[in-house]
Structures are given as C-alpha cells and as structure tokens.
Amino acid sequence: MLKFQEAAKCVSGSTAISTYPKTLIARRYVLQQKLGSGSFGTVYLVSDKKAKRGEELKVLKEISVGELNPNETVQANLEAQLLSKLDHPAIVKFHASFVEQDNFCIITEYCEGRDLDYKIQEYKEAGKIFPDNQIIEWFIQLLLGVDYMHERRILHRDLKSKNIFLKNNLLKIGDFGVSRLLMGSCDLATTLTGTPHYMSPEALKHQGYDTKSDIWSLACILYEMCCMNHAFAGSNFLSIVLKIVEGDTPSLPERYPKELNTIMESMLNKNPSLRPSAIEILKIPYIDEQLQHLMCRHSEMTLEDKNLDCQKEAARLINAMQKRIHLQTLRALSEVQKMTPRERMRLRKLQAADERARKLKKIVEEKYEENSKRMQELRSRNFQQLSVDVLHEKTHLIGMEEKEEQPEGRPSCSPQDEDEERWQDREEEFDEPTLENLSEPQPIPSMDLRKLESIVEDATSDLGYHEIPEDPLVAEEYYADAFDSYCEESDEEEEEIVLAGPEKEIKNEGSQPTYRTNQQDSDIEALARCLENVLGCTSLDTKTIPSMAADVSPGPTIFNSVMARTKMKRMRESAMQKLGTEVFEEVYNYLKRARHQNASEAEIRERLEKVVPRASDCFEVDQLLYFEEQLLITMGK
C-alpha cells in the first residue's frame, strides 16, 4: 500500500465517498483508485474533468471531522483559500477544498513518485544509500520551499519524510495546513498532528511553535536521508521525547562533508533563537556554491527541454496540417464523385487552365527578374567607373549640362533617367579614356507576349488536353468520345491525384509522439528561477524572518476537540487491531498506572515483553495515553 500518509491503518467509520471506481465527486472529480489510509482519513486518486491536458490526475484527501461548528467551517475555508494561493515548485499545489456531510475533502497535486519515506525504505531494504549530490539537491529544494512558506508567515507544523513527495525526482512539501484547517493553531493541535521523531523540544514542552520549529524538523529529515534512520529513535514515545529534549545532538557519518554536518547540528540546536533560518542556510558559502552548480545544471536542462519541445511542437503542427490537408482532400474527392461526367470534364479543363495561368505567371516573373537584374548590373558597372571629383566640380559645367537639350527623336525621360544621363555626360567630359573602354548599354528587349504564350503552350502541351469545339454538334460528339474512356479511368486517376499524399499521412496518424506535460517543464523552470532569486539576493535583512514570529495566517483559532477525539479514536482502533482487544486493554491499563507511578523504562519494558513479543509494539498505546492526558489539560484550561 502506498505510504502517502501515516502508516497504513484500517479505519472504520462513516465515509461520504463511494469506493467504486468511476464515481463522480462534486460533479467534477472521477474516482480512479484508493491510494491509502492514515490517521487523518483516506487518500484517493481522482481525475479532474475540467483540468488541462496532462494535468487531469489529482489527489483527494477525505478527512472525517465530525460535526464542525459553523464558525469552524468558515475559518477552515478561509485557511484553504490561503493555501490555494501558494505557488512554488517545492510545494505540492493545493487546488481546492469542500465539506461533504461529515467529511472535509482536499484536492491537491498528484505526485507519481510516492513519498520520501517510501523511497528511503526502498533504498534501505536494497542496502543502498542516496548519493551525496542527490541529498544536497533535495535538501536545497526543501530549504527553498520552507523559506517560501516562512516568508508568508505560514508554518507547516508537521514536516516529516511521509509528508514530502517526489515528482520527476523533485521533492515537494505536502500535507501542510491540515492541522490548521481542522484542529486550530494551539500547541496541542501541533502535538496531536506532529510525529514525535520530528518534533522540536519547544513544541514538546508547549513553549510555542514558530519558524525555527520547522527548521528542526527539516534537520531531522536531512539526517534521515543521510543515515536511513531517524535522528531520535526509541522503543516508546516517552523515550523519544526525552532524547529530543535532553539528549545529545546526533552527527552525520564521516563520509559526508563536514560543512553539511555543521549545518545540521546548528539546525538541531535546542535553543530556537540560535537556529539559522532557511534563507540564512541558503546563504552559507557551502550551500551557496552548491546553489550555483544546481542553477547551471537546471538552466542547461531547461534549454535542452525547450529545444526538444520546439521540435515536438513543430512535429505536432506538421501532423495537424497533414491531417487537415487529408480531410480537405477527402471532402474534395467526395464532391468530385458526386459530379456528372460532363461536370468532371469541365472541372478537369478548368484545372488545366489554372495550371497554364500559373506557368505563364511564373515565366513572366522570371523574365521580369532577369531584366531587373540586368538593368542593375549595367547601372552598377557605369557608376563604379566614374572618376568625377564632385566636391571640386566647376559650377559652370553643371550649368552647361543642365542647359543641354535632348537629342532629336529621343523620348522624354523621367527625372531618374535624366540623372543617369547627367552622370554619363560627365563621364564623357571628364574621364574620356575610361569611357572608351566601356561597352555601350544594350537596350532591354521588350517582352513579346505572343512568343511567351507559345512557349507556355509548348510547355503545357504534354498535358494532352484539347480545346472544346465551339460548334455545339461537334462539341457533343467530342464529349461523347471523351467520356467513354474517362468514365472508366477517371475515378482511378482522381484517387491517384487527390490521395497521393494522404496515404502516408494516414499511416503516421497512429504513432503520435508523447509530449512532456507543461507542469513538468514549469517545475524545472520555476526551480531555476528560485535558484537565481536566491543567488541574486545579497541582503539578508529583506528576507530574514524573526525567530519567534507568530503564525499570523488567517486560520482557525479555536481548538477543534471533536477532531482531536476523532484522531485518538482512530489511534485506539488501530492499536486494537494490531494487538487485539484483550492485549490492548491490558497494555493500556498497565501503562496508565505505570506512568502515574513514575515507573522506570527498564521495568516497563520488562513487563510489556511478557505481554507482547516486542515492547516497541506498544508505542501507539503510549502515545495515545500521552495525547489523552494533554487533551484533558487543554480542555480543563
């Protein structure tokens, strides 16, 4: 089962969504399959009927929230609108949310690579580890996403490997805001939704949750990517809490760069004010150098993708044009087949006349180009051989040239021709030796249209068409003779003429090229832009978030006790299914007494191992007791 949420659990309870495939939800989303279940609810893969091509698949999270009060519903919708405006390549896109009966439904972006926890477990079982450069790249992507949220005063509150998803090998932060949407912004809401392995000391001690708490969780994820294990592990819930609050700071193995280990240790500082912010980490020289390498690589990838997309787009346009021509040809063929033999013959002769006109036009254009080129060469040759000093030319010579009369019998010329004659006269007066070597300009031959028409007739004589006789009786006999052979052969000829091209095109219709979706391209391009923005930002003052900044997003401020009880009910049902009802009751009652009596961890472990094979199997029961106690304290206040 896919690990999109908490460890998969079989949860009973009411549901507003049918598990049958192809079910239509909210008149827009078609249910494809169930992806998994978690502590909050069930996750489905759906297809959006109104989405763009290539972006139809989305994820629907169905969360049972009980009967929400009207003010809680309104505030949850306001928070959903805020989350839907977030747009970053390292954050899962939040599309929409709606309430259906006693379920709150959230529509988010679909990531086909599953979550980071699944990827880590897959590598761990295979005995492999992630390459250093891959870890650095993923870590930088997470830093960019966290910095984007913190700039907008939005806290995640539940950063962990199961809430980070892979899409085209890019990490995307997801499932944030769920606690704010459903349980409010109090400390207990964070404790109930958070996973103990990633929770910061101040969150466990109810000293407040701020941006530096997300930084702590991010450091735990970095350690998990490097070591394939949790940074703070233990056999039960309280042992993990003690390690986080009072234990030593873990270190990375020696195979990783010292700079990376130093950064992680600073992020795991138990004093929140001493932890660096996301933008401060991005400005550390070691990370800044890695940023530059990533930006160069992503820029090259973007350029290659654009070139490839241009080629694919050109191929797509060619295929579309060929298909259009094919359809037009089929329509024309159908029109021809509906004609009578006389109409077909007339159409054929009209086509022959059009072809003859096109050839005439082509020959005229060629002759015109030839004459123009020849005139240009003559003008250029005469102009290059002039040796007149225009600046020192005598004014009386110019006056004499202007008064010269035109030769008899010579037609009047345009002003442009007069200028050419002046230059030629100056050549004769000032540079006679040069002009003697010049060949006299040849007159441009006039075009004989009759001769041109005869040439075209000779060129088109191979068509085998003859003029229609003007005499009606002769023409009737002419048509009768022509149609005998035409009716038998014309259909085949028409098919050869009209369908010569489309046959190849029809064969190519079946093999359409696969296109990369716009979303994949935009993620890489957007990530490259984010890297450029971070490298271009030289001042930390403009982006640094105060270490103790409160989460001021317009979210719910009232704690939803119904949602908290629902979560604990699911946790109890899951533990009962794992241990059995009798064993669960025995473990639950014993741990409740042991915690009140402050029994030692060794004593508790020894007693639990007599009831269950492993003491770690009771982790969920221990966590349930802790949550119940915290809930009573909160409700008492």
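Here, residue 1 is simply the first one shown, and the rest follow in order.
Heads up, the Cβ atoms here are built off N, Cα and C, so glycines get one too.
Quick look at what Swiss-Prot annotates:
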DOMAIN    29-287  domain 'Protein kinase'
BINDING   LEU35, GLY36, SER37, GLY38, SER39, PHE40, GLY41, THR42, VAL43, LYS61  ATP binding site
ACT_SITE  ASP158  active site, proton acceptor
MOD_RES   SER273  phosphoserine
COILED    302-385  coiled coil
REGION    399-446  region 'Disordered'
COMPBIAS  416-434  compositional bias 'Acidic residues'
Lowest local Cβ density (other Cβ within 10 Å) among recorded positions: SER37, SER273: SER273
Secondary structure at LEU35 (ATP binding site), reduced by DSSP to three states: strand
ASP158 (active site, proton acceptor) in three-state DSSP notation: coil
Among LEU35, GLY41, VAL43, ASP158, the most crowded of the recorded positions [Cβ within 10 Å]: GLY41
Integer mean pLDDT for the domain 'Protein kinase' (29-287): 85
Nearest of the recorded positions (LEU35, SER37, SER273) to ASP158 (active site, proton acceptor) - Cα to Cα: SER37
